[in-house]
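Visitor: The structure that follows is given in the form of structure tokens.
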Amino acid sequence: MEMRKSCGFFFLLLLLVFASQVVVQTEGRVCESQSHGFHGLCNRDHNCALVCRNEGFSGGRCKRSRRCFCTRIC
């Protein structure tokens, strides 16, 4: 019986340790704006993101008729 109580206590302690390690990550809204510096058809997100970073945004991606849209956290 004593062994069973010890196992139960150990399980609860282990559960408490793992539960305290869970971190909920929240993200803000992402705002998009069409790039003013990107010219031509947007085929690669990487190129779009580089141009957007030079414009002061955090990144960018190709979408909507192959146009480059810059992104940032609002």
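Just so it is clear, glycine is given a Cβ too, placed from its N, Cα and C backbone atoms.
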Visitor: Identify the disulfide partner of C42 as annotated in Swiss-Prot; candidates are C62, C70, C74.
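Guide: Checking Swiss-Prot: disulfide partner of C42 resolves to C62.
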Visitor: Quick one: Cα separation, C52 (disulfide bond) versus C31 (disulfide bond), in Å?
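Guide: Counting only the Cα atoms, the answer is 13 Å.
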Visitor: Helix, strand or coil at C31 (disulfide bond), per DSSP?
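Guide: In three-state terms, C31 (disulfide bond) counts as strand.
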Visitor: Here the disulfide-bonded residues are C42, C52, C68, C70, C74; which one has the lowest number of other Cβ atoms no more than 10 Å from its Cβ?
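Guide: C74, out of the disulfide-bonded residues C42, C52, C68, C70, C74, has the fewest neighbouring Cβ atoms within 10 Å.
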Visitor: For C31, C48, C62, listed as disulfide-bonded residues, tell me which one has the smallest number of other Cβ atoms within 10 Å.
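Guide: Least crowded of the disulfide-bonded residues C31, C48, C62, by Cβ count within 10 Å, is C31.
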Visitor: May I ask you to report the DSSP-based helix, strand or coil state of C68 (disulfide bond)?
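Guide: Looking at the DSSP assignment, C68 (disulfide bond) belongs to a strand.
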